[in-house]
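Each remark here refers to the structure printed beneath this line.
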Amino acid sequence: MSQRSVPSAASAPPALHHAGPDPGAPPRLQLKGISKVYPTVVANDRVDLAVRPGEIRAILGENGAGKSTLMKIIYGVTHASAGQMLWEGREVQVANPAHARRLGIGMVFQHFSLFETLSVVENVALALPGRPALGELAQRISEVSERYGLPIDPRRHVHALSVGERQRVEIIRCLLQNPRLLIMDEPTSVLTPQAVKKLFETLRQLAAEGCSILYISHKLDEIQALCHTATVLRGGKLSGECIPAEETPQSMARLMIGKELPHCEHSAAQAGGEVRLSLAGLSHASLTPFGTDLKDIHLDVRAGEIVGIAGVSGNGQQELLRVISGEETLAEKFPVHICGVEAGSLRPGARRRLGLTFVPEERLGRGAVPDLSLTDNALLTAARGQQLVTGGFVRFGRARAFAERCIAAFNVKCGGPGAAAKSLSGGNLQKFIVGREILQAPRLFVCAQPTWGVDVGAAAFIRQSIIDLRDRGCAVLVISEELDELFEICDRIAVIAKGRLSPSRPAGETSVEDIGVWMSGLWPGSALMQAATPAYAEPLDV
Amino acid sequence: MFELEARAEPSRLMSWLSPLLAVMLMLGGGVLVFWALGKDPVEGFRVFFLNPLKDFYSLSELLLKATPLMLCAIGLAIGFRANVWNIGAEGQFMLGAAAATGVALYFDGSDSSLLLPVMIVAGALGGAAWAAIPALLRTRFNANEILVSLMLVYVAQLFVSWLVFGPWKDPDGFNFPQTRMFGDAALMPALLEGTRLHYGFLLAIAVLIAGHAFMNRSFAGFRMRVAGAAPDAARYAGFSAARMIWVGLLLGGAAAGMAGMAEVAGPMGQLTDKVGSGYGFAAIIVAFVGRLNAFGIFLASLLMALLYIGGEQAQQYLNLPSSISMVFQGMLLFFLLGADVFINYRLRLRRRAPRSH
Ligand SMILES: Nc1ncnc2c1ncn2[C@@H]1O[C@H](COP(=O)(O)OP(=O)(O)OP(=O)(O)O)[C@@H](O)[C@H]1O
Ligand SMILES: [Mg+2]
């Protein structure tokens, strides 16, 4: 997948695979001939699946293969059009998630299912039976979060959390229910390597105690490290089963997409392009309680290069992105320059007119309006740049044509430009949004978690598109928690920790180890280095 | 026995069936009300719901009543779609009526054909100005527009009373709280000979069409839809939240103000302290029963007009208080809110939950 061979934090000693489930045990959950038909697509087509006590089974497949749909059927979020589900040998029809939880099924969703206006502890309380005392529950959350290496403050409000932190809440909420079948739909897509490592230890321990786990991920090295068995879906149908430990990532990718993985071409950056984004001593107090204040940030991004910002989620990435995009404006203009213009107090529309396009980390609800069609969602940010509006009236023909271009160019699987954004699978919506922002030919492209939830084939494609964009002379800023990804596409890498930004280093002259240490705030000359106080995240031990 | 089960997706069909269901339930409830009041339910039903439809003149009266409802409701719908909750159309209606009356009185005796258009503009401006107050307070001080716009209704009522008891009182009016009757040039011409239906109805239809175009075809309408459906996406795209609030409230106020103008320049022919007859409040129900959609609002305003006229008929022929129509309005909204649950949930028979051990 990556050119540089970056050691993955997820790799585990192969010995663990011997501690698999008892192959003779009767399955805890068995699906027989499950189908789900949507008006435009057959999301699941006669799928069989069985998982035994203590088994960790991976569900693999491209974006839109029907993985989430199948899991939602098990959890009672949607209902199968046909087929049978057996729970511990008995046929059940799961009416709703509460019913599933009573059976002992827990699920971590790909798109978060938290109430934004409530605090973490209140959200957890809602998923538990009865009425737990909040004080006690907060205590338990802190314990569990510490034990499993998923730091979270139970009193914080969910709307103020980054996606990485929200994911931790989802996982903790699920673990507190002591499930006997745990469904995890891409739980690690925005977790840091060390959090992934701890999560895997937890999952292995749960499995050893007899819990069954269904695990969806696009990260094949994780699957190899964690899962005993794998079921592969393609186009809604069962396309095969395998033992991940006996496969290579390449062979599994072949099973999933039916062809060889594409390969990223990455030539050296052009030197000496003009500065398109410049942050000059940017400081900004977070508008949300418990948010991270930005402190004295300096950064230049030049035309023709890709700069990456690494860091543990919740260290100021959100605030930084909002200040760059204009969703939060500053009182003064000078700290932010976009394409040579002082832009600190300009609003998002004005910044787009200067040539900025932006992919936010939340796709549903921020990057796209869930209930509106893809045509309407194309209109959301491309109205001006693509001349989709004349005389105040929308030219729906043009908007539709632009949406169709995004769909075709980024190979988005959907029911056409009229499909509602929320009907797309996670990875396909991500491709659509990235496509919409790249096809506007930006002068400055800012992207958070560019390949979050995207399958291996599409991830390679998106990375290549970003590199091609750079080669056409665009300045690119990528914020990601995936170090592999940053090392694969970036020319320079900086680290954000506790609201401060490290100096950047050419990607070729640094390593995952160095960046891991920097992620705790300890870079040469940093304020923390001088004060020598421990930071939010521990250093990465690779 | 039964339980509600969340649907995977809101049902489109149900969102249109739900108003019909609410109407049926309201009719059923109405029969019970007649019966409880000791009236023959069949007779009550006939007087209340069929009399207003019985002949040409009755139908023209129905359209006449529907006119201010349509105008107010379409304006409100624009704001509601963006989660701007203007509850004070009633006050904006009165201010529109007062502004139009001011123009009519100032140019009393004029026979210019420009007088009516100027009154329409004045009505719209009057309503918009009244709605600007909650908009300003909301955008400046984050004051809740629901409360502010609602409270301003009572201020508007007192203001109109002061006008008609004080400076604008008709000197030859035997001390009644009302202005002089408008001159012919300040009155809406009749649309159909022999009826009270006037050009205000055409104005309402035109505003409905314009409202439809605004909501579904214009970029401003698109921005409002996004703001209502996903505020974070609106911020991400750079749509100004303050602008939505201004647009939503000003358009709602202007439409209500025009409705007030059409009322004083139409059936009333003068301003009195009774100018606000609850159209502004009833329009909230109309907007929701009509699903915040222009065509739906057209149908819903006819229904609401029927309730108004039915109430008058019941008063006349059944000796019931005319506030009976308020009871029906209330039932309609109540049942609609109840039936709307089925947009997101379906009813199903509860199966015994499989025991887990
Ligand atoms: N509510 C819906 N209405 C219509 N189509 C839907 C709906 N939900 C899912 N689909 C379609 O079903 C197919 C399978 O979607 P699903 O979300 O299960 O994919 P996935 O395998 O989880 O993909 P990803 O890896 O991108 O998350 C997709 O083509 C999707 O567009
Ligand atoms: Mg999915």
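Cβ atoms here come from the backbone N, Cα and C positions, even for glycine.
TrEMBL assigns the feature transmembrane segment to one of the listed ranges (B:87-107, B:255-275), namely B:87-107. Highest Cβ pair count under 8 Å relative to the transmembrane segment (B:278-311), across stretches B:16-37, B:87-107, B:146-165, B:197-215: B:87-107. Outside the transmembrane segment (B:57-80) by six or more residues, the chain places 51, 86, 89, 93, 192, 194-198, 200-201, 203-205, 207-208, 211, 214-215, 221, 224, 228, 247-249, 251-256, 258-260, 262-263, 266-267, 279-280, 282-284, 286-288, 290, 292-294, 297-298, 300-302, 304-306, 308-309 with a CB less than 8 A from a CB of the stretch.
Scored by C-beta pairs under 8 angstroms, the transmembrane segment (B:16-37) has its highest count with B:323-345, from the stretches B:87-107, B:113-137, B:197-215, B:323-345.
Outside the transmembrane segment (B:113-137), and at least 6 residues removed from its termini, the chain residues within Cβ reach (under 8 Å) are 86, 88, 91-93, 95-100, 102-104, 107, 143, 145, 148-149, 152, 156, 185-186, 188, 203, 245-246, 249-262, 265. Packing against the transmembrane segment (B:323-345) from elsewhere in the chain are residues 4-7, 10-11, 14-15, 17-19, 21-23, 25-26, 29-30, 33, 48, 278, 282, 285, 288-289, 303-304, 307-308, 310-312, 314-315: each is 6 or more residues past its ends and has a CB under 8 Å from a CB in it.
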